[in-house]
Amino acid sequence: MGLPPLLSLPSNSAPRSLGRVETPPEVVDFMVSLAEAPRGGRVLEPACAHGPFLRAFREAHGTAYRFVGVEIDPKALDLPPWAEGILADFLLWEPGEAFDLILGNPPYGIVGEASKYPIHVFKAVKDLYKKAFSTWKGKYNLYGAFLEKAVRLLKPGGVLVFVVPATWLVLEDFALLREFLAREGKTSVYYLGEVFPQKKVSAVVIRFQKSGKGLSLWDTQESESGFTPILWAEYPHWEGEIIRFETEETRKLEISGMPLGDLFHIRFAARSPEFKKHPAVRKEPGPGLVPVLTGRNLKPGWVDYEKNHSGLWMPKERAKELRDFYATPHLVVAHTKGTRVVAAWDERAYPWREEFHLLPKEGVRLDPSSLVQWLNSEAMQKHVRTLYRDFVPHLTLRMLERLPVRREYGFHTSPESARNF
């Protein structure tokens, strides 16, 4: 097996800096129950450490397999004698052979500067990763690269079983990964929720087979005996679209209204560095200055214009130099308040450092009060909770675009009408 030059890890590298999180035994057992390989087949655990998945698979399925573990950290590699341990960076490793089964818990986190991201020890090879993986996009999480690499190392018909954060189901950074999985074989997703102790991360198990097509979505029920899978829906023609827990009720609601993205241009606020560079921005209040607002100023149905949470002030009339829509009263929807909808109408047109800003498209006439009331309603919160559960810690652009709005909730369209704020 060919080994690339091994990244020199700092002697004090902590598991967190490598993206490693211990897998609860009940999760390991559930994943092993989904795993399969032909007798005599090759079974691989990436980022293996002491090989919990190899050990559990061998105990459940027997010894008639060739077991291989790959680990980048020499201090962590501790496999039993019946398994072959390889010290290598899995993402750059080229074994020259394919595998029947790959299972495990890949590291997760964004590779970047130590001041911002916990997985900073891989920063030296990040450019190599970006060149190696066709699914790398945006602030790609390391587990996405592990998924692509593992799929490429499978034999035809081979099986992959990983436990990963649920974020890949909906985030735009994983759009290429979802499309890649849809092209390469059959994907099954099992929702577990927050099963990692002391981690605010919602997890799913992905079972991928390098044959067939389509998506199966499963819920699970946990008991003393482990996780029981419950089939939610099957999508035989899945092409990599975002994955949601749709119900008859959510489908009816979406059919009955227009997507918010069809009615509004959705814009992003200027960021802190832009404000700090602007010559009119001050760090102390003064005559003619207003607070630069943040998500903490946005409440369900109203805006707190008085408190300053950003530590920045500026003349309101100059805010349009940062974003032109700051000059116009408009709809503001939270990006930073979890997977729920918090909306208000910014009638004073203040500068904002955060959140989504929605401007009506040509021909859309609005009743701001009714629209805001609908977006903050319990019916809307239930709709979002049902579809997206706790996949991500914030409302995303793609989620926002698809929120349904019926005409009785504050809008109508006509070719002749102009914008009415």
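Placed from the backbone N, Cα and C atoms, the Cβ positions cover glycine too.
What Swiss-Prot says about this protein:
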type: BINDING; residues: Thr23, Glu45, Pro46, Ala47, Cys48, Glu71, Asp89, Pro107; note: S-adenosyl-L-methionine binding site
type: COMPBIAS; residues: 1-18; note: compositional bias 'Low complexity'
type: REGION; residues: 1-20; note: region 'Disordered'
type: SITE; residues: Asn105; note: site 'Important for catalytic activity'
type: SITE; residues: Pro106; note: site 'Important for catalytic activity'
type: SITE; residues: Tyr108; note: site 'Important for catalytic activity'
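Structure coloured by features recorded in Swiss-Prot.
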| residue | record | DSSP (3 states) |
| --- | --- | --- |
| Thr23 | S-adenosyl-L-methionine binding site | coil |
| Glu45 | S-adenosyl-L-methionine binding site | strand |
| Glu71 | S-adenosyl-L-methionine binding site | strand |
| Asp89 | S-adenosyl-L-methionine binding site | coil |
| Asn105 | site 'Important for catalytic activity' | coil |
Using the alpha carbons only, what distance in Å do you get between Glu71 (S-adenosyl-L-methionine binding site) and Pro106 (site 'Important for catalytic activity') once rounded? 11
How long is the line from the C-alpha of Ala47 (S-adenosyl-L-methionine binding site) to the C-alpha of Asn105 (site 'Important for catalytic activity'), rounded to the nearest angstrom? 8
CB neighbours of Asn105 (site 'Important for catalytic activity') within 10 A? 29
Among Ala47, Cys48, the most crowded of the binding-site residues [Cβ within 10 Å]: Cys48
Expressed to the nearest Å, what is the distance separating Pro46 (S-adenosyl-L-methionine binding site) and Pro106 (site 'Important for catalytic activity') at their Cα atoms? 7
Across every protein chain in view, the count of C-beta atoms other than its own within 10 A of the C-beta of Pro107 (S-adenosyl-L-methionine binding site) is 25
Around the C-beta of Glu71 (S-adenosyl-L-methionine binding site), how many further C-beta atoms are within 10 angstroms, looking at every protein chain? 25
Relative to the Cβ of Thr23 (S-adenosyl-L-methionine binding site), which residues of the same chain, six or more apart in sequence, are found under 8 Å away? Pro52, Phe53, Asn105, Val163, Phe196
Of all C-alpha pairs drawn from the S-adenosyl-L-methionine-binding set Thr23, Glu45, Pro46, Ala47, Cys48, Glu71, Asp89, Pro107, the farthest apart lie at a distance in Å of 20
